Amino acid sequence: MASSWPPLELQSSNQSQLFPQNATACDNAPEAWDLLHRVLPTFIISICFFGLLGNLFVLLVFLLPRRQLNVAEIYLANLAASDLVFVLGLPFWAENIWNQFNWPFGALLCRVINGVIKANLFISIFLVVAISQDRYRVLVHPMASRRQQRRRQARVTCVLIWVVGGLLSIPTFLLRSIQAVPDLNITACILLLPHEAWHFARIVELNILGFLLPLAAIVFFNYHILASLRTREEVSRTRCGGRKDSKTTALILTLVVAFLVCWAPYHFFAFLEFLFQVQAVRGCFWEDFIDLGLQLANFFAFTNSSLNPVIYVFVGRLFRTKVWELYKQCTPKSLAPISSSHRKEIFQLFWRN
């Protein structure tokens, strides 16, 4: 796989494998690569722009009011902080692709940017698991723990998630380097794996620890959450004919589906990449298919960081309440001639789905 270097990982364990002498033998899609070089940077900058604004706004809404965060807000604020750090590194990769993978920023940023990307992969999914687990405890086992205990556990959990995410990104930080590629006349930021066994370790870390195991936990928690909500909805309809918790149900489904849609393609192509490395699949078709697929899947997964403010916050009622509280706190009374009750009605109509 000579023509591309996906931001998260590299495909080869040594430079001779990465850049064979007949590097253009499988260059069967030059038009596709030219299109990617033109389109992807704009796409990445758009993700950075909206992700920066969205996650900054989320953090401001959570942190500006001078009161203690509840459990859900602790997790969501950490998720926004992780995504904010991540999107700050995207302009570097946009410039890298504009230059056709010629890395102009030096060895240190090569390591730091890719380490941040790798850490975000784990931190985000682990936070999704933590959010699902907390909601599972609240809705399925409401008497299992008290609110103060849950808040303390949420803080500890978030610290551990950041530490674990940082530790799992250490190999990327240590093994990333810039290498000259004379055949292509570029200096690339690449990950050189020192031994063939690292390919297996990488797929275990990336696909199993970073996707399949968290996905199993998310499915387990959300299945029981949805079952509990359906039971409550049936009871509610029987007693008062109303629909309750429909917003929560929709939010949970949105979380799971959005995560799968954004990240499943990347892990699929990462697994195909592993099969190519162990020569389970061969040929130019698979090389070009995996190279191009990884590029697209990488940055499609990145959209999750700009969607998180919408998916995890704006879809739910929690954030709407926080925005309203912040609005009342920051709006001078002299600038509010209408009554607070009318203002609240207008605000509720504005946010009504």
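Positions of Cβ are set from backbone N, Cα and C atoms, glycine also.
Look at Swiss-Prot and you will find C110-C189 tagged as disulfide bond, backed by sequence analysis. In the three-state DSSP scheme, C110 (disulfide bond) falls into the helix class.
Summarising the annotation, Swiss-Prot assigns N-linked glycosylation site to N14 (among others) and lists sequence analysis as the type of evidence.
What Swiss-Prot lists as N-linked glycosylation site is N22 (among others), and the listing cites sequence analysis.
As annotated by Swiss-Prot, N-linked glycosylation site applies to N185 (among others). Around N185 (N-linked glycosylation site), a 10 Å sphere centred on its CB holds 9 further CB atoms from the protein chains shown.
Annotation source Swiss-Prot lists S-palmitoyl cysteine at C330. Within 10 Å of the C-beta atom of C330 (S-palmitoyl cysteine) sit 9 other C-beta atoms, taking all shown protein chains into account.
For 1-40 (among others), the entry in Swiss-Prot reads topological domain 'Extracellular'. In the predicted structure, the topological domain 'Extracellular' (1-40) carries a mean pLDDT of 53.
Swiss-Prot lists 65-73 (among others) with the feature topological domain 'Cytoplasmic'. Long-range Cβ contacts of the topological domain 'Cytoplasmic' (65-73) within its own chain (Cβ-Cβ under 8 Å, at least 6 residues beyond either end) map to 131, 134, 147, 150-151, 154, 318, 322, 325-326, 329.
As annotated by Swiss-Prot, topological domain 'Extracellular' applies to 99-111 (among others), with the evidence given as sequence analysis.
Beyond its flanks by at least six residues, the topological domain 'Cytoplasmic' (134-155) meets 68-72, 74-75, 221-222, 224-225, 228-229, 252 of its own chain at Cβ-Cβ distances under 8 Å. The annotation topological domain 'Cytoplasmic' is assigned in Swiss-Prot to 134-155 (among others) on the grounds of sequence analysis.
Marked as topological domain 'Extracellular' by Swiss-Prot on the basis of sequence analysis: 179-199 (among others).
Annotation source Swiss-Prot lists topological domain 'Cytoplasmic' at 227-247 (among others).
Taken from Swiss-Prot, the feature topological domain 'Extracellular' applies to 273-291 (among others), supported by sequence analysis.
Swiss-Prot lists 315-353 (among others) with the feature topological domain 'Cytoplasmic', giving sequence analysis as the kind of evidence.
Remote same-chain residues near the transmembrane segment (41-64) are listed as 73, 76-77, 80-81, 83-84, 86-88, 90-91, 93-95, 97-98, 299, 302-303, 305-306, 308-310, 313, 319, 322-323, 326, 329 (criterion: CB distance under 8 Å, separation of at least six residues from the stretch ends). Here Swiss-Prot flags 41-64 (among others) as transmembrane segment, drawing on sequence analysis.
Here Swiss-Prot flags 74-98 (among others) as transmembrane segment.
Per Swiss-Prot, the feature transmembrane segment maps to 112-133 (among others). Sequence-distant neighbours of the transmembrane segment (112-133) (same chain, 6+ residues past either end, Cβ-Cβ under 8 Å): 7-8, 72, 75-76, 78-79, 82-83, 85-86, 89, 92-93, 105, 154, 157-158, 161-162, 164-166, 168-170, 172-173, 176, 189, 191, 206, 209-211, 214, 217-218, 221-222, 225, 252, 255, 259, 263, 304-305, 308, 312.
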Paired segments the transmembrane segment (156-178) and the transmembrane segment (292-314) in contact, 3+ CB pairs under 8 A: no
Give me the Cα-Cα distance between N185 (N-linked glycosylation site) and C110 (disulfide bond), rounded to a whole Å. 18
Taking just the CA atoms, what is the gap between C189 (disulfide bond) and C330 (S-palmitoyl cysteine) in Å? 46
Here the disulfide-bonded residues are C110, C189; the one whose Cβ sees the most other Cβ atoms within 10 Å is C189
